[in-house]
């Protein structure tokens, strides 16, 4: 246990050390300031603008939102066409056939919405073309879209009496060119150096040591997709077993690298926020609130997995190892599970269905908090900003003052947008789960009975309703109902809060700043951090406690004899 604690502390310290300079760099990218890559990338940027006919004129929230939706719609149609027609496309050495309409629809919605829910296994269902041209490209642009929208939201708080929130095409291009591509290139090369596969060769047939049997070894351009799947909080694995598969995550060192990649940009964006609003204490307050909840979750999962597993008298135990890779152990698996669900990533290096009841409760609850404990790149922070405004509003009601945040007064219109930001994901999750448990096809998809079977359904629809993408593997997802309903849920959960965030940004940008007074609520001290954590947890608890009581909590009590 001492080793696990040291590992977790080292991880958090290293994460913060890497995130601070990256956050400063991303702030310069956001405001268009020159960075050390400008000499190389500026000509590419200018050429790209000319090629696409991009105007750098600012956009209103409506135009920005329409641009996001139109761009995502084109990506959706393209990915769906590639998946259904992959049997006729190149880079298909194994002769993979096109996906069914419902599965292609679900997969396209999943990757366009940055969810990466997978109702298929990559090595048996998709060609190299589909993986690299279809899905990997969406991993880049869906992540860039989230960060671009965050840029617009931040501008809403730092601009005064403006009618625009920035230019989507410029934001999208700069995020992709200056942030995601360089980081992904570095990470992909590092992963390849550690044994992660990157090849367009045919699958290999090898003779095993046991009776000379033949075995097919899947290959493919995995490292390039894994790099952006982690950095962009996408999470969709090149192979079905995701980051538990040795070709994706071969060692404890690559496990550390991938966990850092999952949280690096979300944490750096908080640093960037503090720089952008000219008050680093604001960023530190948000970081502290997120980190406290994250650390509590890591501790809860680790203790549950280390001590709640089966024990045998006279036999030393290394914790509950069911569904875990020996090379990662309880510590590496627990930290990964917390990171991937706190950050809206969804990649897994262990089977979450095999976690102990309380160990599985924490990842589920992280998602049910709205993916704001670091959250997805961009979307996590603008979701947390929604909770901050709600917290300020509640505090204002308690003392009878007009609530303010960063010098901007909070008005009824702002609260309507905040309600859309916060309430849409839990409403979709609960409605989807309620309908699903009544469907015979979903009941047949569940491998377990009782409380754990309900947990599998609740986890699946929580994951889709909060754009995470991970799953309890005992849930067979490839049914027409789950594919179609899940796709609609993922799209609504992604784009309704996104559009609400943009309209919130424009309303804020149009206001003038008010000077802070002695009665202004401080949003950067310990009291506010505690209040913010309380609001985030309370909203999650009020929304999901009845469902959790029927699922993982009831499952926990069945372990007592």
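Don't overthink the numbers, they just go from 1 along the chain as shown.
Just so you know, glycine gets a Cβ as well, placed from its N, Cα and C.
Quick look at what Swiss-Prot lists:
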- 4-24: transmembrane segment (TRANSMEM)
- 65-85: transmembrane segment (TRANSMEM)
- 133-153: transmembrane segment (TRANSMEM)
- 177-197: transmembrane segment (TRANSMEM)
- 253-273: transmembrane segment (TRANSMEM)
- 285-305: transmembrane segment (TRANSMEM)
- 380-400: transmembrane segment (TRANSMEM)
- 417-437: transmembrane segment (TRANSMEM)
- 484-504: transmembrane segment (TRANSMEM)
- 528-548: transmembrane segment (TRANSMEM)
Cβ contacts under 8 Å made by the transmembrane segment (177-197) with residues that lie 6+ beyond its boundaries: 25-26, 29, 35, 37, 41, 44-45, 48, 140, 143-144, 147, 219-220, 222-224, 226-228, 230-232, 246-251, 253-254, 257, 261, 264-265
Same-chain residues near the transmembrane segment (65-85), Cβ under 8 Å, at least 6 residues beyond its ends: 59, 98-99, 101, 103-105, 107-109, 111-113, 126, 129-130, 133-135, 137-138, 141-142, 145, 148-149, 168-169, 172, 495, 498-499, 502-503
Feature contact check the transmembrane segment (380-400) with the transmembrane segment (528-548), CB under 8 Å, 3 or more pairs: yes
Region pair the transmembrane segment (484-504) / the transmembrane segment (4-24), three or more CB pairs under 8 Å: no
Beyond the flanks of the transmembrane segment (253-273) by at least 6 residues, Cβ under 8 Å: 11, 14-16, 18-20, 22-24, 26-27, 30, 143, 147, 150, 154, 179, 183, 187, 190-191, 194-196, 226-227, 230-233, 243, 282-283, 286-287, 290, 327-328, 332, 335-336, 339-340, 342-343, 345, 347, 349, 374-378, 380-381
Remote residues contacting the transmembrane segment (380-400) - C-beta distance under 8 A, at least 6 residues beyond either end: 149-150, 153, 233, 266, 269-270, 273, 286, 290, 343-344, 370-374, 410, 414-415, 417-418, 421-422, 497, 501, 504, 519, 521, 523, 528, 531-532, 535-536, 539
